[in-house]
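Annotated repeat 'ANK' per TrEMBL: 1-32, 67-99, 100-132, in sequence order.
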Amino acid sequence: GTPRLMFASKAGAPGIVRLLLQYGAHAGQADNAGNIFALICAVGGGHLEVCRELLLARADVNQVTTVGRTALMYACVLGHTDIVILLVEFGANIERVTVSGTTPLMFASKSGRIDAVRYLLLMGALTDPVNYGGKTAMDLATEEGHAEIVEILHVAATQQANPNP
């Protein structure tokens, strides 16, 4: 079964989420498979205020699914930059990798999420990590035809390689 907190998070109901948390719901509770949790449900719907309620209730911002994905990775794929910012402010690891070696920057780059890419780079995300398929964020953006992201990543990679010009 799916806990009520997950339903309320997915529905984008911050008031209900707040009540459930006050009545003892655990902010980090996962579904029976251990693969989805309330924070990811809120991220999936783009529900910024629900994400904030869960994080204030001490949901683990770096909790991972069975394949190693975090809420930040989902926010990057979906292009919820406001949530990306919130998660990073609450300590999300911008260099965490999945079981396939994929970083949040790679997810944002592949998905064409320019604002998320810019923010992650501003926060110090590295451009040179390679996933287990041998690809960097720039490779993934190139494959998907995201020219502006490729350009942004190229500039960032050059700056990271030569920090003191």
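The backbone N, Cα and C atoms fix where each Cβ goes, and this holds for glycine too.
Same-chain residues lying 6 or more positions outside the repeat 'ANK' (100-132) and placing a CB less than 8 Å from one of its CB atoms are 67-68, 70, 72-73, 75-79, 81, 84-85, 88, 92, 94, 138, 140-141, 143-144, 146, 148-149, 152-153, 156-157, 160. Here the repeat 'ANK' (1-32) has Cβ contacts under 8 Å with residues 38-39, 41-42, 44-47, 49-50, 52-55, 57-60, 63 of the same chain, all six or more residues outside its ends. With a cut-off of 8 Å between Cβ atoms, the residues of this chain six or more beyond the repeat 'ANK' (67-99) that come close are 35, 39-40, 43-44, 46, 48, 51-52, 55, 61, 105, 107-108, 111-113, 115-116, 119-120, 123-126, 129, 131. Mapped onto DSSP classes, the repeat 'ANK' (100-132) shows 16 helix, 0 strand, 17 coil.
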